[in-house]
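Undergrad: Here's a structure for you.
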Amino acid sequence: MFSKVSILLFSLASLLLFRSTTGIEFIYNSNFTTTNTLLLGNATVKSPPSILTLTNQTTFSIGRGLYPSRINASSSSASPLPFATSFIFSMAPFKHLSPGHGFAFVFLPFSETSAASSSQHLGLFNFTNNGDPNSRIFAVEFDVFANQEFNDINDNHVGVDVNSLTSVASETAGFYGGRDGQRFTELKLNSGENYQAWIEFNGSAINVTMARASSRKPIRPLISIPLNLTGVLLDDMFVGFTASTGQLVQSHRILSWSFSNSNFSIGDALITRNLPSFKLSGDSVLKSKGFIAGVSSGVVLLVSVIGLLCFYVVRRRRQRLEGDVEDWETEYWPHRVQYKDVLEATKGFSDENMIGYGGNSKVYRGVLEGKEVAVKRIMMSPRESVGATSEFLAEVSSLGRLRHKNIVGLKGWSKKGGESLILIYEYMENGSVDKRIFDCNEMLNWEERMRVIRDLASGMLYLHEGWETKVLHRDIKSSNVLLDKDMNARVGDFGLAKLQNTSKEMVSTTHVVGTAGYMAPELVKTGRASAQTDVYSFGVFVLEVVCGRRPIEEGREGIVEWIWGLMEKDKVVDGLDERIKANGVFVVEEVEMALRIGLLCVHPDPRVRPKMRQVVQILEQGRLVEDGGEREISLLERVKSSYLLETGEGSRQQHPTFQDVWNSSSYSNSFQTYDSILHGR
């Protein structure tokens, strides 16, 4: 039976076996090319966007798309190397044709297709070599045909194959959900819908998981079994995808793909939203009775569209001359919402629709085009409007192009003269983490708190490393981390975010921006933000979530100093939220790990703090990746070593107190107090 122990054992085995390797890592986000992909048979790259298409309507054909060069799949001792791969795929039959066969993710000792057959053999084997132990082929099949000769369980299954199409394990395609991971939902493989798959092999066991694209990775794998691939994965192997057609045909598409020998979080780097859809529509227009009339209507429609375009161009030119359209609008985020529509959506920014406030802004719930949205209204005086507009442009230029499952999406924007600037976000039904910890009857349980920490780490990793330009958030705190309807955490409120070229280390400011208790010592002293100051804020957030205590509370020791003190006494677990202790449902090892991660991140020396990539790997695997190589390391040793923890009171004195911040000459008017989030947003 599946249990959390299974995940713990799998992660522990990964920790023990993931030594420093000469493996590779790559990410294809709808950017397949004939250069970065080896195309065989009927496989092609279709663009735009650049996706890998394995098959077409040709009967009895094979299509393969492989990484262009061999990779090392075993160590010097002949032990198979661990790997993690994730990809987004779509399978769909062609209109008016019966569906065909599936496809497989594969490791092959060769690239050519001469030793493979089409149809039910998926372009992997033929009638003679299927089952041959010398084939040295490993695959995970996604099949939509029930072949009795291979003992297929049904016509919609996922299977793990070793040298044979008779799977060593197979399950109906789908995922496990619910709070206990016991609710199974079947996913129809050949519906044309986009699905994401995760395949993780730690050297002795394999996990296979799938879900709808843009959904969170299910905690419980679809398939989780011990697996010995010694003698199967060789020194030099090809890796990629294969599919075939027979008398029956259908399309097999790979939209995105990531692979790594060392990073189990590689799947988080895939863009899962705004992908092309291949779902089948109704009957073909070519066979409809109104086809001829439709062509005539189409000509009329084309003329109408041309007329509308001309009207649009003239109107835009007039607006630009009148100063209503900013020069940057089209480039960064073209979806401007009319102010009158925003007024209607929020009922005139009524108090009953207000769900949050902070600084010079308020957040309202609204309904635009039938969908709930969160509307952030930033008020300003005429004197402030120029500077505020610049910050507004920074936010639009950042959020308008960022796409990640753990970042709140920007839906549009608006403004009213120099009085107010307006941002329209996705609505987060479950409000802020701040609210769910301190001001809500439905308090976050331990499992949900760990998920929130992992989600925020994933979102911050994307901001720091996952885009062409580094993005500094500059105000990470519990009220800026929001929860969607599925309780997934997302980073919100980019009002203080700055774009940073990767060639530069820091962004200088003339005053401190941030929130008391979350600001790194060097930020308070110099006003200079960096990725390390974001990491510090993340560390404070982790301590806050685990302890159920705000960073600064009147009459109490600051949370950072308090947890450092508990660490010195070897009682760090005593910092756990008393309400969680009373509930009794928590994992001591996870509590200890989370608090130590928090302490790593809030170290007063920014050079000692980990990068967000390292934080993500600690959370996923309990290990650190050092610059220049990977090695196992004890978190306890790292936190308690003399390198990290200076003895006596000297260490604590390096952390800024509330008074330090208040007395800072750079504090001025930019100091932010806690935002209050009353409801979901």
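Heads up, the Cβ atoms here are built off N, Cα and C, so glycines get one too.
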Undergrad: Going by Swiss-Prot, point out which residue in N126, N501 is annotated as N-linked glycosylation site.
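TA: Per Swiss-Prot, the residue annotated as N-linked glycosylation site is N126.
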Undergrad: Labelled N-linked glycosylation site in Swiss-Prot - which residue from N31, N430 would that be?
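TA: Looking at Swiss-Prot, the N-linked glycosylation site feature maps to N31.
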Undergrad: Least buried of the binding-site residues I355, V363, going by other Cβ atoms within 10 Å?
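TA: Minimum Cβ neighbour count within 10 Å, taken over the binding-site residues I355, V363, occurs at I355.
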Undergrad: What's the CA to CA span in angstrom from D475 (active site, proton acceptor) over to S361 (ATP binding site)?
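TA: Computed Cα spacing between D475 (active site, proton acceptor) and S361 (ATP binding site) is 15 Å.
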Undergrad: Specify the secondary structure state of D475 (active site, proton acceptor) as given by DSSP, simplified to three classes.
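TA: Going by the DSSP assignment, D475 (active site, proton acceptor) belongs to neither helix nor strand, so it counts as coil.
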Undergrad: Per residue, counting other C-beta atoms within 10 angstroms of the C-beta, which of the binding-site residues Y357, S361 reaches the highest number?
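TA: The largest 10 Å Cβ neighbour count belongs to S361.
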